[in-house]
Amino acid sequence: MPRIYKRKTGRASTPLQDMDRAVKEVEKGKSIREVARQMNICRMTLKRYMEKKKIDGKEIRPGYERTGLANQVFDEHMEKELAEHIKALAAMFHGLSPMKCRELAFEYAQRNDISIPASWIREEKAGYDWFVAFKERCHLSCRTPEATSLGRATAFNRHNVGEFFDNLSKVMDRYNLLPHRIYNMDETGVTTVQTPKQIVTEKGKKQVGSVTSAERGELVTVACAVNATGNAIPPMFVFPRVRFKEQFLNGSPAGSVGHSTRSGWMNEEAFIIFMEHFIRQTNCSTNNPVLLILDNHESHISLKAVTTAKENGVVMLTLPPHTSHRLQPLDKTVYYPLKTFYNSAMDGWMRTNPSRTITIYEVPGLVNQAFMSAMTPRNITSGFRVTGIFPFNRDIFPDEDYAPSMLTDRPNPEEPSTSSATDLPGSSHEEPTHATGQEAGPDPTSPELNPEQPSSGLTGFAQLGYVSPEAILPLPKATARKARMKRKKIKSKIMTDTPEKMELERAQKEREDKMAEKEKKQNERQMKRALKKKNLTKFKKMNKTVVYSSSEESIMAIPLNDTTDNDKAGHDLEKTHNKEKKRGEKKKSSENKKRVIKPTKPKKKVVVSNSSEDSDISIPLNDTTDYDSSDVQNDDDDDDGDKDLSAGDFVIVNFAGKTKSYNYIGLVEKVDGADISAKFLRRSSKKSLDGKPIFTFKENDEGVIPREDVRKKLPTPKKLGGTARREQKFIFPCSIDKWDVM
């Protein structure tokens with residue numbers, strides 16, 4: 001059978017009304033031949049039609065439809081139920097692809113023992129020709145669906161929408177609002193890269209291109225507000241810049257305002273600027289309030305924004321979460337034409353300036369062209385009408401619009417179970433059983449949701465063992481929720497009411513307390529870390545002494561066991577010190593393994609003096625595991641710098657790093673008890689004529705250090721002199737190479 005059959009003749013094409021009129025003329029006494037000639041009908045066709053009508057006594061349709069019905073796989077009622085089930089799945093946003101529909105039809109026929117063509121059995125799905133004819137008979141079509149998140153599909157339900165309209169009616173009755181005082185506000189993003197439209201080109205060409213401004217563009221946020229009479233206030237632009245400049249608004253609609261953020265998105269600070277702009281444009285006050293309907297983005301419902309609105313007579317009503325695609329007038333009828341005209345303006349700009357790219361500085365001018373074409377009274381008032389805001393109509397949405405939310409319909413656990421709760425569509429969690437053709441549980445294909453469906457769809461063919469399409473592929477239903485941590489539910493609210501404002505103040509105080517506690521803990525950790533580092537340095541100094549051997553030239557640093565002054569500090573840091581010691585031993589042992597083994601010299605003895613007793617300890621000279629070369633100093637060089645320090649002195653300061661310590665030269669600027677303010681010098685890569693290092697100041701290199709970190713006080717240095725730059729370079733008269741100054 002061809003998919004599109006073309007008739008070869010005009011036989012059996014007489015309309016049924018003409019046949020009935022011809023029969024009535026014959027019944028009045030005219031002959032069949034005369035009536036057939038007058039009405040241009042075949043004489044034998046009229047004769048057979050009259051004979052069959054007399055025998056059967058019922059209406060007979062001329063043509064070959066009965067021949068097609070004889071070869072039809074499913075009868076009329078079964079096809080209708082299959083089509084209604086497919087429509088119900090599509091209404092719940094869980095529609096089937098053409099391939100899945102063919103597989104469902106094949107299983108439907110097999111489960112009900114219906115004779116099917118051999119090609120169905122071979123491919124395990126219905127034929128493509130049958131599917132095309134099935135779509136035509138049942139008024140079905142294949143469409144590309146619009147991606148809809150699960151949150152949007154399930155949040156738009158009767159409960160959430162009912163709460164919004166309850167709040168809307170409450171506000172309108174309380175303030176007696178007229179349409180020119182009902183506003184809707186929302187943001188949209190425009191980029192510097194346009195979406196190409198269809199173009200005319202050669203037929204059969206595989207790839208067609210169109211020039212755009214760039215690969216990826218920058219986003220500029222445009223915030224608009226419109227009222228129910230069709231008027232719009234000048235928009236606000238949010239640019240992706242750190243600092244806003246007035247020239248950003250060149251070419252924008254008259255009266256527009258602007259702001260900048262790092263991302264180009266709306267935030268709390270930018271929304272406060274929009275609220276001030278909105279209040280100026282609407283001339284609202286506490287004596288002349290206006291209603292502002294907006295979504296519940298966190299930047300819209302900050303405490304400062306709500307306070308500003310309440311003080312100036314702006315009543316803020318928020319939409320339920322994930323419902324702006326149905327309840328927001330700007331989203332319904334304004335922003336789509338705005339984006340369309342904006343893309344057209346960008347195409348025109350690219351053709352006028354073929355060698356340039358669009359930047360954010362051209363966006364306001366392009367938006368101005370689209371703004372005048374899209375913000376028409378017809379578009380704006382249509383948005384308020386189709387959302388049911390004005391004229392007020394809480395029943396604007398039919399039952400089919402709520403079908404996707406039936407996926408998650410459950411009884412409210414906070415309300416006592418009543419008989420009405422069980423009557424809600426989709427409240428039952430039981431899967432339907434169709435062993436006898438009776439439907440169990442709620443069904444979106446019921447006459448309430450689909451008025452075109454007859455109430456007795458199974459009459460005439462329901463029998464024992466019949467399996468319906470819904471039994472083969474049930475309607476989707478969410479399982480019971482798992483016990484999770486309770487989250488605060490967001491719903492439609494009148495944000496300027498006192499209870500909601502008090503709730504915002506309480507939440508703001510909790511956030512501030514939490515941030516203060518977090519900052520306090522962070523400061524405590526930093527203080528502990530600094531104290532630990534300070535005590536570790538002190539502990540190392542107190543546990544080491546310098547002992548000189550009279551017979552040897554080497555100097556050895558040997559730890560003592562005197563814990564008289566460091567019990568408190570050493571006890572807390574002993575573990576850390578031991579870990580560092582073991583790490584150093586392990587590193588040196590691994591290095592020694594790699595070295596070539598050489599004959600060692602005999603061990604030499606070093607005399608160690610203790611406060612209580614003298615002992616002789618045999619220590620190898622090459623064993624420096626427990627000693628640090630930076631601690632090896634002469635007695636005359638070991639100056640702790642704790643004497644006679646004043647502003648203008650130069651000192652060597654020690655800074656402890658993670659693995660080693662560093663020495664810097666600093667100029668004392670101020671001495672404040674145990675703390676010293678100093679400005680630090682850095683060693684230059686050049687040297688003086690006599691080979692001494694040159695030091696110079698580094699910009700913004702200054703700080704406050706503990707007095708105990710000063711290692712040595714240096715004599716007054718000599719300035720190079722000659723120029724202003726050379727006046728900032730110093731040479732010290734003493735030798736400081738042993739300090740390894742940075």
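Even glycines carry a Cβ here, placed using N, Cα and C.
Look at TrEMBL and you will find 479-492 (among others) tagged as compositional bias 'Basic residues'.
For 498-527 (among others), the entry in TrEMBL reads compositional bias 'Basic and acidic residues'.
The compositional bias 'Basic residues' annotation in TrEMBL covers 528-543 (among others).
Residues or ranges marked as compositional bias 'Basic and acidic residues' by TrEMBL: 565-577 (among others).
Positions annotated as compositional bias 'Basic residues' by TrEMBL: 595-606 (among others).
Per TrEMBL, the feature compositional bias 'Acidic residues' maps to 625-642.
If you look up TrEMBL, you'll see 18-52 marked as domain 'Resolvase HTH'. Averaged across the domain 'Resolvase HTH' (18-52), the predicted model reaches a pLDDT of 88.
The domain 'DDE-1' feature in TrEMBL is assigned to 219-383.
The annotation region 'Disordered' is assigned in TrEMBL to 401-461 (among others).
For 478-646 (among others), the entry in TrEMBL reads region 'Disordered'.
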With DSSP helix as H/G/I and strand as E/B, how many residues of the compositional bias 'Basic and acidic residues' (498-527) fall in helix, strand and coil? 30 helix, 0 strand, 0 coil
Just to be sure I understand, if DSSP states are collapsed into helix, strand and coil, how many residues of the domain 'Resolvase HTH' (18-52) fall in each? 27 helix, 0 strand, 8 coil
